[in-house]
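Participant: Feature list, courtesy of TrEMBL:
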{"type": "BINDING", "residues": "ASP71, LEU72, THR73, ARG98, GLN114, ASP118, ARG267, TYR271, TYR272", "note": "L-histidine binding site"}
{"type": "DOMAIN", "residues": "1-357", "note": "domain 'Aminoacyl-transfer RNA synthetases class-II family profile'"}
Amino acid sequence: QGTRDHPPAHVALRDRLLAAVVACFKRHGAAAIDTPVLELRETLTGKYGEEAKLIYELQDQGGELLALRYDLTVPFARYLAMNKIANMKRYHVAKVYRRDNPATTRGRYREFYQCDFDIAGQFDPMIPDAECLKIVHEILSDLQLGDFLIKVNHRRILNGVFAVCGIPESKFVTVCSTVDKLDKLPWEEVRSEMVGEKGLSPEAADHIGEYVQLRGGLDLIERLLQDPKLSQNKLAKEGLGDMKLLFEYLTLFGIAGKISFDLSLARGLDYYTGVIFEAVLLQQENDHVEEPVSVGSVAGGGRYDGLVGMFDPKGRKVPCVGVSIGIERIFSILEQRMKASGEKVRTTETQVLVATPQKHFLAVRLKLISELWDAGIKAEMLYKKDPKLLKQLQYCEDTGIPLAAIVGEQELADGVVKLRDVATREEVRM
């Protein structure tokens, strides 16, 4: 059914990952919010373009048409409009739902977590956008997933490209969703979809192809600003100006080396209006390959300045930019690595096991463990009246509990506890 039960090791790994991501969001001054899992169907429809077919629709007993949230961005825009908030920096970690064809090996599920960070408000150009990219860079560096690349593009540049290639404005969105397939399909297949399904002339498709296969950095931005056709197009000119400014800020943040201005990046969702970006992990297949191979997107986002206005009765606009970390994709990668390396994940945070070598010492163990719990120490004991000491120490080894607090007749008489380091077998009386 495209969802899965998570064993304790997976949950422990996920919690560790989420803690690192949330710590980064908090470091940047974001407050946490929550929105309902159920939204009115009309809230979600018309916001996602061709992806809308993946929305889970429901009908309650009163006949109200509802849907499970598809992402955390549209509910956030509704939240801002309903509460008349014009300025906010927030993060939200929660499950979203999609009627997708699941591919669990590639981290594609029907129910999965998203971790979003968004900046809403009227600010000077590209400063919040640059911070979102800095956050992606920080998180992917912190998680030590290996080499990565953050691709950036701009919806206005794309629309400018379509305009100079003679595409009518009514087809911008649908052509955009075809261009978005370039990371999965070769240009020939994308071209044939443009011509066959989207009704473009072969000349227009080829013309688009000349642009959308370009990638580079500031040098490419400068080159396109000199392009005889694009430089005459208002949309493209604005977008290229934004990109130039963005790269200046990314250079100041010291991360421009990991950013690629990639004109094939389109991101399929309708609501993006400005900068769009996506982070991919790179995998060096072998030493003979010059070009690193991408192993899929692990973060994405962009600017969506028109979304809040769709929900505001007066059409009041709140510019927004945000990023979503693809935590499930990252789980899948880390899980596979852990399986390959045989590494074990500790499923609990227990610090000490209260143990005894003697019989009839259950009361002593219960009193001691109660003191430890009351003192805020994470402690466990075996639920047996008279467990063997070897069994208790074996439990510590199996679950990775580092310490055993041992109380026997001698310790009781001396008023001490013997603390044993499970790994080194060293013991101290205290």
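Using N, Cα and C of the backbone, Cβ positions are placed for all residues, glycine too.
So that I understand the layout, could you describe where these features sit and how close they are to other parts?
Facilitator: Cβ neighbour count for GLN114 (L-histidine binding site) (all protein chains, 10 Å cutoff from its Cβ): 19.
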Participant: Mind giving me a neighbour count for ASP71 (L-histidine binding site)? Other Cβ atoms within 10 Å of its Cβ, every protein chain shown.
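Facilitator: So the number of other Cβ atoms within 10 Å of ASP71 (L-histidine binding site) is 19.
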Participant: Near the Cβ of TYR272 (L-histidine binding site), how many other Cβ atoms are there if near means within 10 Å?
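Facilitator: There are 25 such Cβ atoms around TYR272 (L-histidine binding site).
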